[in-house]
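Student: Got a structure here, written out as structure tokens. Questions coming.
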Amino acid sequence: MLRLKNDRFIRALLRQPVDRTPVWIMRQAGRYLPEYRQLREKVPNFMAFCKTPELACEATLQPLRRFPLDAAIIFSDILTIPDAMGVDLHIAPTVGPVIRNPVRSAQDVNRLQMPAVEEALSYLFDAIRLTVKALDHRVPLIGFAGSPWTLACYMTEGQSSKTFLTARAMLYQQPDVFHTLLQKLTTLTIAYLNAQIKAGADVVMLFDTWGGLLTPSLYRQFSLDYLSQIAAEVVRQKNGRKIPLIFFTKNGGQWLESIANSGCDAVGLDWTTDIGQARRRVGDRVALQGNLDPAILLSNPESISTAAVDILKSYGQGSGHVFNLGHGIDPSTPIENVAALVEAVQNFSIKNEKPISSYYR
């Protein structure tokens with residue numbers, strides 16, 4: 001088994017020694033890059049773009065050509081699973097995802113397809129294989145999925161929302177139906193992540209974007225319990241290598257201890273949680289990822305550098321920190337500000353004695 005030339009990201013996720021804090025950026029492949037916008041002109045339909053392995057591979061690689069990032073994340077979308085289940089999904093340019101046949105009854109849930117993941121989503125696995133070959137072991141590749149709760153939000157609401165009131169009301173009105181939907185999504189998500197690992201993903205991540213909308217009791221019942229099931233059933237070793245698992249719940253800081261106990265290796269933090277306090281709360285149970293406010297990337301390099309250093313200082317000495325944003329990068333972010341962020345993290349991250357890589361030993 002060939003070693004990664006840069007396994008800093010994986011070592012940090014496993015809380016092994018690192019020479020500096022690794023950095024990558026959520027949505028690092030995307031609309032803030034002019035080369036991505038040019039690539040999208042070839043296939044304006046977003047889902048068609050995602051389903052073209054060569055284009056998804058190219059989009060994945062683009063940010064690594066500009067910035068010395070410590071990980072790549074496969075270009076895709078969290079709604080690939082609902083799409084494969086037969087919902088009528090459209091990505092509207094100014095609206096976002098629209099599902100024309102929302103799932104709001106037991107009959108709707110029963111009509112959903114449970115496809116063979118490796119066939120229905122083969123385009124994603126082909127994209128991963130192409131990307132792994134193109135990366136040539138330079139950095140790890142992250143695979144990902146949306147959390148069952150977050151996917152269910154879109155499927156029941158029918159479109160994006162700030163509150164997902166329809167989805168939340170359904171929890172109270174038809175809890176059994178919602179649990180059935182979540183279990184179907186969980187079963188497919190486990191198969192989906194395992195197939196990504198089989199195709200070559202080195203790390204997998206679950207985005208629970210809308211978990212923070214729930215009450216503490218409902219969060220555990222309708223989101224975290226399903227995340228824990230995924231953690232228990234996703235492959236965590238491959239060819240003698242550990243496959244780290246990251247959970248990210250936006251606005252989930254109040255449940256940090258519960259998330260840390262759910263079976264993941266690392267917890268992503270949004271910008272509303274102090275990372276130093278978070279580290280004290282979780283101890284050595286998990287690594288932490290985050291958590292710069294994406295809005296600061298719309299300011300200036302000096303402010304960005306100061307904010308990045310503040311986060312690094314707040315986390316403190318030792319491994320177990322992956323620097324990232326607290327959410328996805330805004331499409332209007334200037335490229336020079338991204339470069340300033342990556343440079344600041346690399347220059348100012350607290351350095352430890354450079355270790356001998358233990359990941360592939």
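All residue numbers here begin at 1 and follow the chain in the order shown.
Glycine too: its Cβ is placed from the backbone N, Cα and C atoms.
Quick paste from Swiss-Prot:
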BINDING   Arg27, Gln28, Ala29, Gly30, Arg31, Phe46, Asp77, Tyr154, Thr209, His327  substrate binding site
SITE      Asp77  site 'Transition state stabilizer'
Student: What span in Å does the substrate site cover, taken as the longest CA to CA distance among Arg27, Gln28, Ala29, Gly30, Arg31, Phe46, Asp77, Tyr154, Thr209, His327?
Tutor: 23
Student: Considering the binding-site residues Arg27, Arg31, which residue's Cβ sits among the greatest number of other Cβ atoms within 10 Å?
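Tutor: Selected residue: Arg27.
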Student: Please work out the number of neighbouring Cβ atoms within 10 Å of the Cβ of Ala29 (substrate binding site), leaving out its own Cβ.
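Tutor: Around Ala29 (substrate binding site), other Cβ atoms within 10 Å: 24.
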Student: Compile a sequence-ordered list of residues in the same chain as Asp77 (substrate binding site), six or more apart from it, whose Cβ lies below 8 A from its Cβ; state 'none' when nothing qualifies.
Tutor: Phe46, Met47, Cys50, Ile91
Student: Do any residues at least six apart in sequence from Thr209 (substrate binding site), in the same chain, have a Cβ closer than 8 Å to its Cβ, and if so which, in order?
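Tutor: Set apart from Thr209 (substrate binding site) by at least 6 residues yet with Cβ under 8 Å, we have Ile78, Gly146, Ser147, Thr150, Phe248, Lys250.
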